[in-house]
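> Mind looking over this structure? Questions follow.
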Amino acid sequence: MTSVVVVGTQWGDEGKGKITDFLSQKADAIARFAGGDNAGHTIKIDGETYKLHLIPSGIFYKEKTSVIGNGLVVNPKSLVTELKGLQERGINTDNLRISNRAHVILPYHIKQDIADEESRGDNKIGTTCKGIGPCYQDKVARIGIRMADLLDKDIFEEKLRHNLAIKNKLFEKFYEVEGLTFEEIFEEYYGYGQEIAKYVTDTSKILNDVLDEGGKVLFEGAQGILLDVDQGTYPYVTSSNPVAGGVAIGAGVGPSRVTSVIGVSKAYTSRVGDGPFPTELFDEVGQQIREVGREYGTTTGRPRRVGWFDTVVVRHSRRVSGITHLALNSIDVLSGLETVKICTAYNYKGETITEYPANLHIIEQCEPIYEELPGWSEDVTACRTLEELPENARRYVERVSELTGIQIATFSVGPAREQTNVLVDVWEA
């Protein structure tokens with residue numbers, strides 16, 4: 001029995017899909033445990049590019065089980081569209097399983113998300129307006145509709161009528177916008193439910209059975225630890241728990257069954273949306289990193305904010321998520337820079353801070369303290385071992401490991417599967 005959790009150590013978009021795809025080769029099952037279609041994974045296989053939002057990266061291995069766990073919130077319309085897109089490209093999706101306990105995103109969640117963001121004025125939190133937050137709100141308020149409900153026509157009708165009565169009062173009285181009708185939702189979404197019904201089951205049992213039989217399970221994280229609702233830069237966070245601990249809740253697998261946690265980082269930092277970002281770059285170097293790294297959101301298409309690698313952030317992620325290994329991506333993006341910098345601490349009003357503050361007011365006033373290293377001009381995309389990297393690039397990788405206190409398991413020099421280079425096999429570690 002072995003299980004590996006993949007988490008993002010920054011604000012998402014670190015390349016988790018690439019690492020998950022790579023590690024999936026040795027897994028028997030691959031499961032997502034948090035988030036929804038607000039997170040995007042880009043995967044390159046045999047020269048083909050695939051962009052996933054809900055479906056686990058393991059879908060490309062027909063002999064392996066791919067699981068959408070109970071911790072996700074699922075938009076059936078988006079899921080059906082994504083499934084058809086894969087099927088049209090010749091990908092067999094019969095290995096997908098969806099938790100019957102996963103909550104369902106409905107049109108009123110999206111409408112509420114948009115209305116709520118607009119009502120914030122200048123204090124927007126940068127939501128993707130996919131209905132994620134409102135769906136999690138309903139889950140906690142115990143009025144959510146789960147997959148098991150969606151598949152039962154009578155129960156779905158009853159719950160939908162009840163919820164629409166509540167939501168329409170909210171739309172009309174509070175947001176002062178027009179409500180939604182039962183008719184424009186019911187048949188369409190019940191239809192989506194019937195299209196995906198064959199995939200819906202008790203996924204917790206499936207995953208635990210794999211582990212009981214001595215198999216390997218890979219848990220695919222979404223977003224990043226700094227977007228975690230508890231451990232991230234609140235309120236500029238998502239509504240779920242992307243930390244490794246989210247596996248126990250969102251996949252129905254006990255914490256004692258997790259054997260290792262691999263944190264994924266870029267060789268720099270990026271962020272979409274608002275919120276503090278101490279190492280953010282606004283100069284030509286930042287623009288170069290953005291363009292070379294193609295830093296535009298998979299889900300939103302928005303330009304990502306970019307900055308230097310921040311060890312304060314990654315050490316925080318290591319601590320709250322129990323990270324045992326690091327996957328360092330996008331080293332190739334830094335090629336051509338005369339100098340590269342690593343943030344080692346923050347300066348706050350003359351005080352050196354080495355732990356990530358909870359107070360956003362403090363973070364916004366923090367100045368990064370950098371360690372500067374010489375850059376490299378060589379093309380590293382063909383490097384397959386640490387020794388093949390230019391000396392300065394190799395020193396950069398080693399310094400990241402030293403400053404974060406995390407052993408590096410893989411380093412990547414490009415988006416393709418064969419450009420991921422293994423230093424430690426986490427399945428055997």
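Using N, Cα and C of the backbone, Cβ positions are placed for all residues, glycine too.
Note that the coordinates shown come from a computational prediction; the quantities given were computed from them, not determined experimentally.
Sequence annotations record features per position, and here Swiss-Prot assigns active site, proton acceptor to D13 based on sequence analysis. What Swiss-Prot lists as active site, proton donor is H41, and the listing cites sequence analysis. What Swiss-Prot lists as GTP binding site is 12-18, 40-42, R304, 330-332, 412-414. Residues or ranges marked as Mg(2+) binding site in Swiss-Prot: D13, G40. What Swiss-Prot lists as IMP binding site is D13, E14, G15, K16, N38, A39, G40, H41, T128, R142, Q223, T238, R302. Residues or ranges marked as substrate binding site in Swiss-Prot (evidence: sequence analysis): T298, T299, T300, G301, R302, P303, R304.
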> Do you see any of the binding-site residues N38, G301, R302, P303 whose C-alpha is within 10 Å of G15 (GTP binding site), and which ones?
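Of N38, G301, R302, P303, within range: none.
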> Calculate the distance in Å between the alpha carbons (Cα) of I331 (GTP binding site) and R304 (substrate binding site), and round it to a whole number.
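Rounded to the nearest whole number, the Cα-Cα distance is 17 Å.
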> Let me know how many other Cβ atoms fall within 10 Å of the Cβ of R302 (IMP binding site).
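Summing over all protein chains shown, R302 (IMP binding site) has 13 other Cβ atoms within 10 Å.
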> The record lists D13, E14, G15, K16, N38, A39, G40, H41, T128, R142, Q223, T238, R302 as binding IMP. What's the largest Cα to Cα distance among them, in Å, rounded to a whole number?
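Roughly 34 Å, rounded to the nearest whole number.
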> Sorry to bug you, but what's the C-alpha spacing from the residue listed as 'active site, proton acceptor' to G40 (Mg(2+) binding site), rounded to the closest Å?
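One finds 8 Å between the Cα atoms of these residues.
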> Between the binding-site residues N38, T42, T128, Q223, where is the Cβ count within 10 Å the lowest?
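Result for the binding-site residues N38, T42, T128, Q223: minimum number of other Cβ atoms within 10 Å at T42.
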> Can you count the other CB atoms that lie within 10 A of the CB of K18 (GTP binding site)?
26
> Which number gives the other C-beta atoms within 10 angstroms of the C-beta of G15 (GTP binding site), all protein chains shown included?
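G15 (GTP binding site): 23 neighbouring Cβ atoms within 10 Å.
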> Using Cα coordinates, what distance in whole Å links the residue listed as 'active site, proton acceptor' and V413 (GTP binding site)?
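Cα of the residue listed as 'active site, proton acceptor' to Cα of V413 (GTP binding site) measures 16 Å after rounding.
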> Have a look around P303 (substrate binding site) and count the other CB atoms within 10 A of its CB, chains all included.
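Within a 10 Å radius of the Cβ of P303 (substrate binding site) lie 14 other Cβ atoms.
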